[in-house]
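First the structure, in the form of structure tokens, and then the observations on it.
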Amino acid sequence: MKADIHPKYEAVSVTCSCGNKFDTRSTLAEDLHVDVCSECHPFYTGKQKMLDSGGRVDRFRKRFGSRGSVKS
């Protein structure tokens with residue numbers, strides 16, 4: 001491998017908008033600021049909401065459900 005062609009891999013501090021801070025390593029020389037982390041993201045906190053997209057399945061069944069079954 002060639003010497004001195006790779007960027008430096010340094011320790012950086014990551015700060016979330018919720019106030020959570022943690023350390024990681026990166027080739028980026030300055031500290032990172034992120035909007036969402038595992039402490040405040042709804043998927044990780046269990047506050048995830050399931051969205052029904054306008055009853056699309058019910059609308060499909062209403063439109064095409066009475067056509068009968070598929071014959072093979």
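Placement of Cβ uses the backbone N, Cα and C atoms for every residue, glycine included.
Per TrEMBL, the features are as follows:
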type	residues	note
BINDING	C16, C18, C37, C40	Zn(2+) binding site
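Ranking the binding-site residues C16, C18, C37, C40 by other CB atoms within 10 A of the CB puts C18 at the bottom.
For the recorded Zn(2+) site, residues C16, C18, C37, C40 set the reference point as the centre of their Cβ atoms, and the other residues of that chain within 8 Å of it by Cβ are S17, G19, N20, V34, D35, V36, S38, E39, H41.
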